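Feature list (source: TrEMBL):
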| type | residues | note |
| --- | --- | --- |
| TRANSMEM | A:20-44 | transmembrane segment |
| TRANSMEM | A:91-112 | transmembrane segment |
| TRANSMEM | A:132-151 | transmembrane segment |
| TRANSMEM | A:172-193 | transmembrane segment |
| TRANSMEM | A:213-231 | transmembrane segment |
| TRANSMEM | A:261-283 | transmembrane segment |
| TRANSMEM | A:303-322 | transmembrane segment |
| TRANSMEM | A:343-360 | transmembrane segment |
| TRANSMEM | A:366-390 | transmembrane segment |
Amino acid sequence: MIRLFAADPLLTGDIDLTVLLIVIVKTLIIFVMLLVGVMLYIWAMRKVIADMQNRIGPQKAGPFGILQSLADGVKLFFKEQSEPAGSDHRVYLLAPYLSIIPAFLAFAIVPIGGTVSIAGHMTELQLADPAIGVLFLLAMSGIGLYGMMLAGWSSGSKYPLIGSVRASAQMLSYEAALGLAIVGVLVHSGTLSTRAIVNQQAWTGAGSIFTDWYWLPAIGAFVIFLIAALAETNHPPFDLVEAEQELTGGFNTEYTGIRFALFYLAEFMNVITMSAIAVTLFLGGPNGPGLGFVASDSWINTWFMPIFWFFLKLMVLLYATVWVRASLPRMRYDRLMDFSWKVLIESAFLWAMATGAIVVGRNEGWNLWILTPAVALGAFLIYFVLMACVPSDKELEEIR
Amino acid sequence: MNAVIFFIFAASTLVGAGGVVLARNPVHSALFLVQTLLSVAVLFLLQDAELLAAVQVIVYAGAIVVLFLFVIMLIGVDRREALTETLRFQRPIAVALGAIVLAEIIFLTGHTWATGAATQSGVPITGSTSSGDLGNNIQRVARVLFTDFLWPFELTALLLVVAVVGSVVLARGSGDRSERSIEEPSSTADSESAS
């Protein structure tokens, strides 16, 4: 079974104590990094949104209010935990953990740095590099859905139940779009391993931003991925699962204290993980220019710069999520479902098929000047035929 | 090590399977089903069938059982299931068919004529063989699926489309378009096909 993760050179030879220690330390670092990352993300989100709305935001706890999330966490931790009388006790206790554990696990496949040497062992700066790669992300987000569904159901209360039914329908729909958007990259890369995908986007000069990184060759998939990832993590404008105006909070209404905090932790961790996966798949992961005036094998260029580039790209995407949160109003529920099933999934399908045709054409040496317009025309034709089959809002009104 | 993992998750599979049948609450049954599916995914991993394990988790645990739960939640679980049989002789036939399937499985584990001889037993999945590098588990499955088994594969896809169209037709009723829920049945049916 160890063979499954053997893509990491750390695990190819004998497994001795040092190797075990390295793996444990990597696990701990990712665990702590996610927790601290969520803390800082919530603080930055509140500050940035406050700025955009001409407010000051948190400012009392620590410098610039940076400890505000920590204070909130401590408060939630010591709060009394209540449970409704009509709840299903065991499932009620289980649900928060079904949310939080997949949220932690999903980050394991993200490459956050290059291949480095620790205590004589070469290792990749990521927790695991399984051959199934990005499928692991889809599996974990599939399991994470249970947390939300069961939380709403086991509360034995109406609003949470509506919230969880919404959650299951929404996340199932957008998971299909998310998976198909990922296919748009996988057709180019020919592999599922995140490390291999990152290595294909290696930095060879400023031009590789446009030629090697997958965001431009797979621009359609990139856009669909960003939208679907927002919906998959229940991030505004797709946060109907916890619409406080309609559902008094949604699936987590009946949770208090640390259990409530676990749901929020999981939600923000998922935002971070999805952004990290977007960086990995589309934006070159930890690849970026090294410092030219330092020797290429010094620790600055092997250790520091890849990690620096990864976190820089991650922060740009996370800032974009905050920007979206501050700017866009929540979608209407039927529009949300329509958008996934009638627009996103078709587009992602057609994009994957068109990419496949073009990749095959390039490998076989077909004339791309003829092939590309033909593929685009065919895709548009299929799209319009599909759209013609879907009844418009007006026709639906008449049927009703 | 592998044997220990096998026995733990084999036991977990059986406990989950028992729970599916014995649990009184349909939601608990569905959760036991998830336990069984995840344990079987681990057993797949033990056999180096990584792709199968991932697909098992994504499709069965992540989509199909979620749909079960979705339907249970929408319909509600308060209704008591009647224990009278609507089809006569249903139970004896079920027992007989179950016994036949069990006998079949036990018979097939000892023979290879149905599946063909095991190919390259003992060769590591990621290793290269004399006939060239066959790639890892995912690449092997892909190659077999899109060469030797292309025809059954496409037929299965067609079958799923027929099932989707059929369920949409059934859900919408014949000719009567006055029902209010137009999008709901088609969207759940579509997600079955997507999975």
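Placement of Cβ uses the backbone N, Cα and C atoms for every residue, glycine included.
The stretch from A:20-44, A:132-151, A:172-193, A:303-322, A:343-360 that makes the most Cβ contacts under 8 Å with the transmembrane segment (A:213-231) is A:172-193. Most Cβ pairs under 8 Å to the transmembrane segment (A:132-151), among the stretches A:91-112, A:172-193, A:366-390, belong to A:91-112. For the transmembrane segment (A:172-193), the neighbouring stretch richest in Cβ pairs under 8 Å, chosen from A:20-44, A:91-112, A:261-283, is A:261-283.
Under 8 Å from some Cβ of the transmembrane segment (A:343-360) lie the Cβ atoms of residues 173-174, 176-177, 180-181, 183-184, 187-188, 217-218, 220-221, 224, 227-228, 368, 371-372, 375-376, 378-379, 382-383, 386-387, all in the same chain and six or more residues away from its ends. Of the candidate ranges A:20-44, A:91-112, A:366-390, A:91-112 has the most C-beta pairs within less than 8 angstroms of the transmembrane segment (A:261-283).
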